[in-house]
Amino acid sequence: MADQNGVFMGMDLRCQVNNHAHRTEEMDMERLLVRRGQSFSLALQCSTTLPPKHKLAMILHLGKEGEVVVKVLDARAGSDKWWIRQQGAQSEVLLTVHSPADAPVGLYSMTVLHLSPDGHILEQTTPETFYLLFNPWCKADSVYLPDEELLEEYILNENGLLYQGSWDQISSLPWNFGQFEQDVVDICFEILDNSPAALTNPEMDTANRADPVYVSRTITAMVNANDDRGVVSGRWDGKYDDGVPPTRWTGSVPILRRWSEAGAQRVRYGQCWVFSGVACTILRCLGIPTRPVTNYSSAHDTDGNLNVDYMYDEQLESVSEGRKDMIWNYHCWVESWMDREDLPKGYDGWQALDPTPQERSDGVYCCGPCPVKAVRDGDVGMKYDAAFVFSEVNADLVTWIVHPDGQRSQVSLNQKTVGQNISTKSVYGDYREDITKHYKYPEGSVKEREVYEKAGRRVTQPNGGPGQLELKIKHAQAILGTDFDVIVEVHNVGGEDTPAQLTVTSNAVTYNSLHRGECHRKTASLTVPAQKAHKEVMRLRYDHYGACVSEHNLIRVTALLQASGQPEVVLQEVNIQLSMPQLHVKVVGDAVVSGKLIAHISFTNPLPITLRGGVFTVEGAGLTAAREIQAPGDIGPGQEVKVKLSFKPTRAGLRKLMVDFDADRLRDVKGIATLIVRNK
C-alpha cells in the first residue's frame with residue numbers, strides 16, 4: 001500500500017465466489033479467472049470510510065510488458081466499456097467490475113486507486129492479476145453458444161473421443177483434453193505469447209486477442225512446430241526414436257507441459273489426431289466452444305485441381321512424381337463456434353480449423369477458421385482456406401495406369417469415395433454423431449451438382465461405359481497377429497467367356513497413405529465364363545505383413561484386371577484395418593478426493609513373436625498426471641503381463657483413466673477405466 005496514513009489495508013479477489021460464477025473453479029480456486037462480458041467482485045479492506053467526494057478508480061495493464069493500459073472509472077458506462085460500481089459496508093468496499101464482451105483475453109494486472117476530489121492519486125493497492133477468458137455464456141460475446149448441453153461438452157468436458165480407423169470400420173480413441181488441469185491456462189497464453197505476431201508486434205497482437213477468429217487462427221499455426229516456436233513436431237515415417245511415438249500419447253496435458261518446461265521447444269512427435277487433440281484443449285481452455293472432427297477418406301489435393309490422381313505402372317507400382325496427391329484413411333481437425341464479423345452475413349457458427357501442417361496459408365502452416373457453411377455451399381473464396389477444406393471432403397479419386405511408352409489411361413473414377421462419415425463425439429454420451437450433412441449435400445443430389453459448379457469444379461467423366469468385367473474385394477475381420485484370407489471376385493457380366501490377367505498386391509500403409517512395404521503379391525491368368533464369377537484367394541500370413549505393418553495396422557489390397565487383347569482395365573482397392581487387442585484396466589478402492597486408489601492393468605500379447613521394451617503410459621484429468629511404467633521384461637507370444645499403480649484423485653466428478661501400451665513391434669494398445677470421484 002502507498003503509505004501508513006492511507007485508507008487501503010488489503011484486497012480480497014474473492015476467487016472462490018467469482019470462479020464459481022464464471023465456471024472456472026475447476027481450473028483454480030486460488031487465482032482469479034473470469035470471463036468477459038460478466039461482472040466480478042472484489043472486497044477492498046479499508047481502515048476507515050472514504051472521505052466525501054473522494055473516488056476510486058482502477059488501472060488495468062495487459063500484455064507481457066503491460067503495453068495495453070485501461071483506465072476504469074467509478075461510473076456506469078456502456079456494455080462496450082470497463083467500469084466499476086462500489087458499495088460501502090463498514091470497513092469494506094465491495095467493488096463490482098464490469099468488463100466488455102469484446103475485451104482482449106489475457107492476463108491482466110489490476111491496481112485500485114484512491115483519488116482526491118480533483119483527481120490526484122492519493123494511494124494505490126499492490127497490483128493483483130487475473131485471467132480474462134472468452135465467454136460463450138454471454139450473449140454479447142462473439143463465441144456465444146445458446147445451449148447449455150453443448151457448452152457442457154464443448155467447453156467443460158475434459159475427456160473426449162477422437163475417431164480413427166476407416167469409413168467402414170470406425171474406431172474411437174479416448175483422449176484426455178485436461179483443459180482445467182493445473183497451469184494449462186498459463187501454457188495456453190504462453191503459446192499465444194510465442195507466436196511470430198506477438199514477438200514482432202506485441203501491442204497489436206494483444207489488441208487482436210479480442211477476436212476469436214484471430215486467436216483460433218494463431219492457435220492452428222502454433223500447435224504445429226513447422227514455422228515458429230510451435231508445440232508439436234509432426235512425423236509420419238515411423239522413426240520416432242528421438243521422441244515419443246504419436247500413438248503413445250493419451251492426452252494433451254503432458255505435451256503442453258513438456259513444451260513449456262523445455263522453454264517453448266517443440267515436442268516430438270504428433271500426427272493429425274494429436275494436433276487436433278492439443279488444439280481442442282487450448283481452445284476450450286480459452287473459452288471458445290470446440291469439438292474434434294474426423295473426416296474419413298480425406299483428400300489431400302496438393303495441386304488444387306479438386307482431383308486426387310493416383311498413378312500406377314502395369315505392375316501396380318506407384319509412379320507418381322513430386323508431391324503426391326493422397327487420400328488419408330481419416331483426417332482429424334477441430335471445429336470452433338464463433339461469429340464471423342469479418343465475412344458477409346450467413347457464415348457464423350461452426351468453423352473448421354486444422355492444425356496439422358499440410359499446406360501453407362498466407363505463407364504459414366495453418367488452416368482456418370473456415371465456415372463449415374461455406375464448404376457445404378461451395379463458397380471456396382471465403383476465408384480462410386475454404387478451397388482446401390472443400391477439396392478434403394469433395395475431391396474425385398482418379399486412378400491412371402502409365403504405360404511403358406509414357407501414355408496414361410484412366411482406369412477408374414470415384415466421385416463418392418472422398419469425405420465420408422464425418423464424425424464427432426455426441427454431447428449425449430460416448431457415441432458417434434455423424435455431421436457429414438453440415439459439410440456436403442447428399443451424394444448425387446441436384447444441390448450437390450450446383451455446389452460443384454459454383455466451386456468451379458471440372459466434372460470428370462469416366463472413360464466409356466461399364467465394361468463386361470467387374471471386380472470385388474472381400475475379407476473377413478482381420479485380427480493383428482493372425483493369418484487371414486482376402487477374396488478377389490471377378491464377375492463377367494457379358495455374353496462371352498473372357499480371358500484376363502489379374503494382379504493383386506497387398507501393402508502395409510500408414511493412415512495417410514504412405515507405403516511401408518509390400519506384404520504379398522499374386523498374379524493369375526484366368527478365363528471367366530460368361531455370366532459367371534471367378535474367385536481368387538490370397539492368404540495373408542503374419543509372416544507377410546508383420547515386419548512391415550505400420551503403427552496404424554493398415555493393409556491396402558489393390559487388384560488390377562486386364563482383359564487379354566483388349567484395352568479394358570479394371571482396378572479396385574480396399575483398406576483393411578487390423579483389429580487390435582485391448583488393455584484391461586480395473587480400479588480398486590473408494591473413489592474420493594485425496595483417497596488412495598490402485599489401478600490394475602493387464603495385457604496379453606496377441607502376436608506370434610516376443611515383444612520387447614514394453615511401456616505403459618497412464619494419465620487422467622483430475623486423477624493423475626501422466627506416468628510411465630516399464631513392462632517387467634520381454635513378453636512372449638500369448639503371455640499375459642500385469643502391472644499396477646496407485647494414485648490419489650485431485651478433483652471430484654466423472655473421471656477417466658487412460659492407459660496406452662507400446663512395445664517394439666506393437667503400438668497403440670489402449671484401455672480405459674471410468675470412475676465417479678466424490679468429495680470427502
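The backbone N, Cα and C atoms fix where each Cβ goes, glycine too.
Taken from TrEMBL, the feature domain 'Transglutaminase-like' applies to 264-357. The active site annotation in TrEMBL covers Cys272, His331, Asp354. Taken from TrEMBL, the feature Ca(2+) binding site applies to Asn394, Asp396, Glu443, Glu448.
Residue counts for the domain 'Transglutaminase-like' (264-357) by DSSP state, with H, G and I taken as helix and E and B as strand, are 15 helix, 40 strand, 39 coil.
Among the listed recorded positions, namely Asp354, Glu443, the Cβ with the most fellow Cβ atoms inside 10 Å is that of Asp354. Of the candidate recorded positions, His331, Asn394, Asp396, Glu443, Glu448, the one lying closest to Asp354 (active site) when CA atoms are compared is His331. Around the Cβ of Asp396 (Ca(2+) binding site), a 10 Å sphere holds 23 further Cβ atoms from the protein chains shown. Long-range neighbours of Glu448 (Ca(2+) binding site) (same chain, six or more residues apart, CB within less than 8 Å of its CB): Lys440, Tyr441, Pro442.
Only His331, from the recorded positions His331, Asn394, Asp396, Glu443, place their Cα within 10 Å of the Cα belonging to Cys272 (active site). Taking the mean position of the Cβ atoms of Asn394, Asp396, Glu443, Glu448 as the Ca(2+) site, the remaining same-chain residues with a Cβ inside 8 Å of that point are Gln415, Lys416, Val418, Gly419, Lys440, Tyr452. Across the fold, the C-alpha of His331 (active site) and the C-alpha of Asn394 (Ca(2+) binding site) stand 14 Å from each other. A 10 Å cutoff on Cβ-Cβ distances gives Asn394 (Ca(2+) binding site) a total of 24 other Cβ atoms nearby, all chains included. There are 25 other CB atoms within 10 A of the CB of His331 (active site), with all protein chains counted.
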